[in-house]
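Peer 1: My questions will all concern the structure given below.
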Amino acid sequence: MPKTALITGITGQDGSYLAELLLEKGYTVHGIVRRASTFNTSRIDHLYQDPHDEDARLFLHFGDLTDATRLVTLMEKVHPDEVYNLAAQSHVRVSFDEPDFTGLTTGLGSTRLLEAVRMSQVPARYYQASSSEMFGATPPPQNEETPFYPRSPYGAAKVYAYWMTRNYREAYGMFAVNGILFNHESPRRGETFVTRKIAAAAAAIAAGRQEHVYMGNLDAVRDWGYAKEYVEGMWRMLQVDEPSDYVLATGAAYSVRDFLEFCFDHVGLDWEKHVRFDERYLRPTEVDALIGDPSKANRELGWKAQVLPPELAAIMTAAEVERLS
Ligand code: NDP
Ligand code: GDR
């Protein structure tokens, strides 16, 4: 029987790649979108099918992680086999400006969704988009056993959601898992995350559209992978016999400075001539280094990242050059 999935955050970077993957696998995919005064579906417009078509397999529903009754209603209507909770206020810097809202969505939003699964009694498997930001100040390498030490309202909200997911697994026997994903990027990454910001700036400067880009902490070290590969890992976590939590990462460490060099090199520019400092991009508490150990996912899911930051930067910068032309 073809399966049915429900994705929150389908309009985001990961949601769009996951929807593509599941449609390719023959799933019927339902996504929750927020009502906005402008269209917010640009990442999934290429997947859209008229719901009146007999062969339509992608359906969108208005909803919000802050609206608990709507989540229950949708669960009963869609009756999914798999639920992927990707929705969140996902920007770490913004979470310092909006700590309350970040807690309501990124944290409590997961409880509302877990509770909707439980109340509606659908026998769905549940995926929680947990984050390497939960490790925060704990030094690398980080794996599934590493203690959490979040350094932002976002990180703290994700730790809460992580434990709620584990609690529903242990308390109610739900198949509920945490994918602890390290940074993953793509041409569909939000414009204000550092990799996309750098790739876009390199392309714009090379095209003569701007001269400088203002950045924050260039010393931060991250483990950047390619988003398209990571959604495959999410799916695999829901296909195993026993629910468990998994780290997805490349295991490779690069700094923001390195990523600047890769992107600017791609367009034949010296980044040091174009980068300026602006303290508003600093965070009150920073996460210095995140480097994942994905050996459990390698071993149990057969998942391994292929694209590393030098290639990722080239893919993203090429996409920005293309966008401008
Ligand atoms: P994005 O920011 O690109 O997408 C977030 C999605 O959540 C969007 O679809 C957004 O809708 C939706 N959303 C936000 N608030 C609500 C709400 N209150 N109700 C319903 N939907 C909402 O994130 P990514 O795709 O990059 O990440 C997906 C998930 O994985 C997030 O939970 C993120 O925190 C987590 N994560 C991401 C990592 C990464 O490196 N990308 C690493 C580890 C974890 P809209 O389009 O309307 O804004
Ligand atoms: P992060 O991603 O906080 O790791 O969270 P982001 O790309 O925002 O920052 C990465 C690092 O770059 C430094 N930095 C800057 N960041 C931004 N955004 N803009 C700048 O100008 C800039 N200059 C330097 C930051 O200080 C930071 O150290 C992402 C999100 O996708 C989360 O949702 C996810 O959980 C984690 O990755 C894993």
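Cβ coordinates are placed from backbone N, Cα and C, and glycine is handled just like the others.
Relevant sequence annotations retrieved from TrEMBL are reproduced here:
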BINDING   TYR126, HIS212  NADP(+) binding site
DOMAIN    6-314  domain 'NAD(P)-binding'
Peer 1: Counting across all protein chains present, how many other Cβ atoms fall within 10 Å of the Cβ of TYR126 (NADP(+) binding site)?
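Peer 2: By my count, 25.
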Peer 1: When DSSP states are folded down to helix, strand and coil, where does TYR126 (NADP(+) binding site) land?
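Peer 2: For TYR126 (NADP(+) binding site) - judged by DSSP and reduced to three states - the answer is strand.
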Peer 1: Provide the three-state secondary structure of HIS212 (NADP(+) binding site) computed with DSSP.
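Peer 2: The three-state answer is coil.
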